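S.K.: Here it is, the structure, as structure tokens.
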Number of protein chains: 2
Amino acid sequence: MKKRIILGSASPRRRELLSQIGVEFEVRVSDKEEIYKSSIPEEIVKELSLMKAENVASDLLENIADGSIKDTVVIGADTIVVLDDEILGKPSDEEDAVCMLTRLQGREHWVYTGVAVLDFGPDGEKTVINYPVGTKVYVNAMTEDEIRAYVATKDPLDKAGAYGIQGRFAAYIDRIDGDYYNVVGLPVSRVYRTLRECGGQ
Amino acid sequence: MKKRIILGSASPRRRELLSQIGVEFEVRVSDKEEIYKSSIPEEIVKELSLMKAENVASDLLENIADGSIKDTVVIGADTIVVLDDEILGKPSDEEDAVCMLTRLQGREHWVYTGVAVLDFGPDGEKTVINYPVGTKVYVNAMTEDEIRAYVATKDPLDKAGAYGIQGRFAAYIDRIDGDYYNVVGLPVSRVYRTLRECGGQ
């Protein structure tokens, strides 16, 4: 029997990726807060993804009469862009996006997605699987005109690091080492393997 | 002034990729034959892409009164999947697709796209730019059930190497080294740079 799968993310890109590989799932998002203690990028995304998954599970539990979640897998994920050990979040405005892209162009950076899978068995027992996946991204040199033209598309404004690899910015991605879908927001092949191990697929 | 751009490929995936990076272009496909002499994968895709572009240009010329193509860029492309120096084409049927995927799973292979750009200047003079781009693809181990389930989706049947990285098969791609879009069918960042150099962008 396949388990019930819950994706604990509001990101339309993560929904698309999980659908793309044929997984059937529901989406639940918690409005509980996420905080982290680490200062190491790989650890931060692990913490954040775990907290997202735990918050969704805790919301679920509040609505379950017998107090336990059974035969269910809850997935949390969080993606960050890292340049020289500094985390680039979503840009605050267009000028901030221009700044970020000016720093990213002509060199390589890392994208990390943290994945947390809470695997609830038939008796409600919980197994936690939590890991970061990193992809190295090489961005071509860009002129200021190219950066401003890309920012004018508004594509960067809702994205960590001020770019989306899956859109027009593809013109500037020289190459990657790692999982492409990890840069989009979910390392689907690794997640698929995890789900298979949990009995989620 | 931007040049007129013609994509000499019937592939809907290549059209989508060129549109994705914001290039405006027309599609022209020639029914002239393409043959190659080389036995080296990188050379074969160079030859095939060049012949596609030359065939489209020669069709165009037949319809031009003054006998010359001006301020126009013609793009040809051809993609192959290479495993241990053997070229894997499109599978002949479902069993052939199962065979190919059985060989590809659990290891790495190369995907090469040849790109040919014919750059016609204001006086009809032609510059030829022709190169291969390679991406290394690592496919996870797959069970026979997984291979047969993927083949049953029919997705492999029209694709060299019997898979499409952009669909459900993403579940089995561990990672890549190189340009993701090169595996889909067109190395967009390299093509974008070439077009910029030609005055096509």
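Heads up, the Cβ atoms here are built off N, Cα and C, so glycines get one too.
Not my notes, these are from TrEMBL:
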type	residues	note
ACT_SITE	A:D78	active site, proton acceptor
DOMAIN	A:1-45	domain 'ADF-H'
SITE	A:R13	site 'Important for substrate specificity'
SITE	A:T79	site 'Important for substrate specificity'
SITE	A:Q166	site 'Important for substrate specificity'
S.K.: Would you kindly list the residues that approach the domain 'ADF-H' (A:1-45) from elsewhere in its chain, counting only those six or more residues past its ends and only Cβ-Cβ distances under 8 Å?
M.R.: 51-53, 55-56, 58-60, 71-80, 82, 85, 87, 110, 112-114, 119-120, 132, 134, 166, 181, 184-186, 188, 191-192, 195, 198-201
S.K.: Using C-alpha atoms, which one of the recorded positions A:R13, A:D78, A:T79 comes nearest to A:Q166 (site 'Important for substrate specificity')?
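M.R.: Result: the closest of the recorded positions to A:Q166 (site 'Important for substrate specificity') is A:R13.
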S.K.: Count the other Cβ atoms sitting within 10 Å of the Cβ of the residue listed as 'active site, proton acceptor', across every protein chain shown.
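M.R.: For the residue listed as 'active site, proton acceptor', the count of other Cβ atoms within 10 Å is 26.
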S.K.: Helix, strand, coil residue numbers for the domain 'ADF-H' (A:1-45) per DSSP?
M.R.: 14 helix, 6 strand, 25 coil
S.K.: Summarise the model confidence on the domain 'ADF-H' (A:1-45) as a single mean pLDDT, whole number.
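M.R.: Averaging the confidence scores along the domain 'ADF-H' (A:1-45) gives 93.
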S.K.: Would you mind ranking the recorded sites A:T79, A:Q166 by how many other Cβ atoms sit within 10 Å of each Cβ and giving me the lowest?
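M.R.: Candidates: the recorded sites A:T79, A:Q166. Fewest Cβ atoms within 10 Å: A:Q166.
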S.K.: Roughly how many angstrom lie between the C-alpha atoms of A:T79 (site 'Important for substrate specificity') and A:R13 (site 'Important for substrate specificity')?
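M.R.: Per the Cα atoms, A:T79 (site 'Important for substrate specificity') and A:R13 (site 'Important for substrate specificity') stand 12 Å apart.
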